[in-house]
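Single-structure report; data block below.
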Amino acid sequence: MAKVLVVTSGKGGVGKTTSTAALGAALAKTGQNVVVVDFDVGLRNLDLVMGAERRVVFDLINVIQGDAKLAQALIRDKRCETLSILPASQTRDKDALTAEGVAQVMEELREKFDWILCDSPAGIERGAQLAMHHADMAVVVTNPEVSSVRDSDRIIGMLDSTTVKAKNGEKMEKFLLLTRYDPARAARGEMLSTEDVLEILSIPLIGIIPESEEVLRASNVGAPVTLSNPESAPSRAYLDAARRLMGEKLEIQVPVERKGLFDWLFKKRVA
Amino acid sequence: MSFLGNLFGKRATSGVARDRLQILLAHERAIGGGDSDLIAKLHREILEVIKRHMSIDNDKVTVKLDGSGKGCSVLEIDIEVPTPEQTAEMRRLA
């Protein structure tokens, strides 16, 4: 039974695309068949972060408009054979993304894949609504920062009111992914803590991704961080989050960079 | 911790962030989100019904829908009713 997961946030720049790529690759590494779908029509970037920008021939809009078959638009990752990407269109009109077209593509994807990860555009407009519309579960990416938390709260409200699941009276599973977290600053009271954010948003936590240079390094070279450097702190956090998505019960920790034996001992326990 | 922070010229500001967010979101959850139309409609209609029987100030009715409870939403309707003296005063002025 395929699972449709939307990665959303409301606010831009909090790490939706990075997290989609990292979680998609992490799930695919377990042998699951995964597709990551870019819903950001006009400002696609998932292809670039995944290192597939030069392999895009057809896109989501082409498929919706019948100019290409789904199989022609899907790009298989070169590093991980169970991972595919469906890019968004870069130039076309946003209205080309129709509700019926998206519904049809999602149905077709459900037959081919175990996991469908929808990378939502920022905002609460049409693109973001379509990205979440067919989702069974949602990962709400949030930075420990006031504007991001406020926008996440708004998105959580939308997940509970505008999606197919919500309209059928079913429960939408929502998880918080806290990104760019700095445990030291949170401990000093300079940054909202995990507890603060959880108390305000009151949805279960799926992972805490520490602020890390590795994330930019990975996007520089066009690889999900979980593939480019699986041992790094953010990768381990993403890999654990992926296992939780698959139903495993794991204690949530903020991994630190492994520079030596002592770092391992310093692994921080949170929540 | 904040004492140490103060020594070094920094202040622990996360508490301020948390408090500001809690106040703001309590308000936004009440009026905003997908049910904003519903709340506005309820507010207007409740006001109409009450006005049939007593004179009341538009600002004295608050309608809140709190969906954050576990498994249920709470519709909170708060109506401030004027005292008989105030009503008499309003009638006299009208």
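Count begins at 1; order follows the chain as displayed.
Backbone N, Cα and C define each Cβ position, glycine as well.
All TrEMBL annotations are machine predictions without curation.
Pulled from TrEMBL:
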type	residues	note
BINDING	A:Lys11, A:Gly12, A:Gly13, A:Val14, A:Gly15, A:Lys16, A:Thr17, A:Thr18	ATP binding site
DOMAIN	A:5-225	domain 'CobQ/CobB/MinD/ParA nucleotide binding'
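Residues A:Ser9, A:Ser19, A:Ala122, A:Val141, A:Thr179 surround the recorded ATP site, their Cβ atoms falling within 8 Å of the Cβ centroid of A:Lys11, A:Gly12, A:Gly13, A:Val14, A:Gly15, A:Lys16, A:Thr17, A:Thr18, which are themselves excluded. Comparing local CB density within 10 A for the binding-site residues A:Gly12, A:Gly13, A:Gly15, the maximum falls on A:Gly15. The local packing around A:Lys11 (ATP binding site), expressed as other Cβ atoms within 10 Å of its Cβ over all shown chains, amounts to 20. Long-range Cβ contacts of A:Thr17 (ATP binding site) within its own chain (separation 6+, distance under 8 Å): A:Asp38, A:Asp40, A:Asn45, A:Leu46, A:Val49, A:Asp119. Ranking the binding-site residues A:Val14, A:Lys16, A:Thr18 by how many Cβ atoms sit within 10 Å of each one's Cβ puts A:Lys16 at the top. Within the model, the domain 'CobQ/CobB/MinD/ParA nucleotide binding' (A:5-225) carries an average pLDDT of 95.
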